[in-house]
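Pulled from Swiss-Prot:
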- 1-13: compositional bias 'Basic and acidic residues' (COMPBIAS)
- 1-34: region 'Disordered' (REGION)
- 44-64: transmembrane segment (TRANSMEM)
- 84-104: transmembrane segment (TRANSMEM)
- 109-129: transmembrane segment (TRANSMEM)
- 138-158: transmembrane segment (TRANSMEM)
- 171-191: transmembrane segment (TRANSMEM)
- 203-223: transmembrane segment (TRANSMEM)
- 249-269: transmembrane segment (TRANSMEM)
- 280-302: transmembrane segment (TRANSMEM)
- 311-331: transmembrane segment (TRANSMEM)
- 334-354: transmembrane segment (TRANSMEM)
- 375-395: transmembrane segment (TRANSMEM)
- 402-422: transmembrane segment (TRANSMEM)
Amino acid sequence: MSHDQRSPSEEVSRTALSKPASESTIVGDGHHPLPAKDTSTRAWLVVVGGLLIYFPTFGFLNAFGTFQTFYVQDLLAGTSSSKIAWIGSLQIFLLFIGGLVVGPLYDKVGATKLLVPGSVVYVVALMLTSVCKKYYQLILAQGILFGCANALLFYPTIAAINQWFDRRRGIALGLAVSGSSLGGIFWTEIIQLMLDHIGFGWTVRACGFISLAFLVPSCVLIITRPPEPGESKDMQLDFKAIFTDTKYLLFSVGMLLVLWGMFIPFFYLPSYGETYGMSVTGANNLLAYMNAGSFVGRVLTGLMADRLGRFNVISLAALSCGILLFCLHKITTSGAIIAFSTLYGICSGGLISLQSACIGQITPDHSIIGVKIGLMMGFCSVGGLTGSPIAGALLSADHQKWYGFIDFCGSILMGGAVVTILSRYVAAPREWKF
């Protein structure tokens, strides 16, 4: 079937996010043909840049459990784990809600003008974090400023990859976002090692210097793709149409529930391991196992999504995460906890990378994909902000017994899976591959 003969539900989105004239690295004017989507070297260089971005940004966030344990036991000893979890939750909240601003900004100014200041703010946030001694200081530096920096880096990257890929969008996004899993493995190990040998301040400063080595080349590799001939250069926003699109609203609610619970194990699994007799080092390594599984999951779900349907795969991933979390009631030995962390990483791997691909698939007007991704992530920010503190409060209320914690996490992920499946049915009730 030719490209022009595809049905709307089969048509993989071609985004028309505009590129300003001032950012004309590549010109699509008829005299300088645009590099091909999916296959050109230029397109895959954007993916490489995305991997380099997500290694220090999302990867560092995936290692927050190491900081959580250190703050509870050392720097902020005496402060409840629920209160400390707000630091990591603020990062997620600002990363998500930042899409309301950064998404439309990307449509107007392109990638470079967001990635460069985002990189500067990222490094400054870590340098300020390195001198923090009190809780409120960490909230401001590691929570708020670092979260804003992540938003400036996350959305231009994921929007640019959506522009450069069509048929292979799933695997392209999976490969790029797998950088966060590789980063999670690296940061989990190196942070704990440095904390043991050089202390908190120089550990965080060293993280800033290492991150800079990844951020600089990514700012060069990631560029906005100009619109193709015939594509709209201006956003045609109709908020009434967006907010009355049933399949989009259902998918957004599903992702809110999924992201409400998905990040909680990344914050608390080391503490869970210590509860059941694992050493501090062994418990911290659970994050490395989880991120290793996440790397496999992101690549695997990207490949599966392009072949079996993106909504099908993301729904299956969310359902699997919920089932695994309920299994924690019976998982109390070191070997079983390690197996859980790896499997959870695999199943949760595609939940971030496939979101934008799903939005693109149900967006007929490709000039507003960036806005719709930003609106959805802004909506999901509520879950990112409150999920871990609520789970921590349940843990404290149960006197460090994990029953309520597990039931909360598992229930909201299962609920998110059900709503996501419903959105898939509304979007394409008669097609198996969607």
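Count begins at 1; order follows the chain as displayed.
Using N, Cα and C of the backbone, Cβ positions are placed for all residues, glycine too.
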Between 203-223, 280-302, 334-354, 375-395, who has the most Cβ pairs under 8 Å to the transmembrane segment (171-191)?
280-302
Taking the transmembrane segment (280-302) as reference, which of 249-269, 311-331, 334-354 has the most Cβ pairs under 8 angstroms?
334-354
Can we call the transmembrane segment (402-422) and the transmembrane segment (311-331) in contact, meaning three or more C-beta pairs below 8 angstroms at a sequence separation of 6+?
yes
Is it the case that the transmembrane segment (84-104) and the transmembrane segment (249-269) touch, counting contact as three or more CB pairs under 8 Å in which the residues of each pair are 6 or more positions apart?
yes
Winner by Cβ pairs under 8 Å against the transmembrane segment (311-331), considering only 44-64, 109-129, 203-223, 249-269:
249-269
If one takes Cβ-Cβ under 8 Å and requires six or more residues beyond its ends, the residues near the transmembrane segment (203-223) are 23, 25-26, 45-46, 48-50, 52-53, 55-56, 60, 110-112, 115-116, 119, 122-123, 126-127, 129-130, 153, 156-157, 160, 187, 190-191, 194-195
Quick test of the contact rule: Cβ under 8 Å, at least six residues beyond the ends. What residues does that give for the transmembrane segment (375-395)?
80-86, 88-90, 92-100, 103, 155, 242, 248, 251-252, 255-257, 259-261, 263-264, 267-268, 355, 359, 401-402, 404-405, 408-409, 412
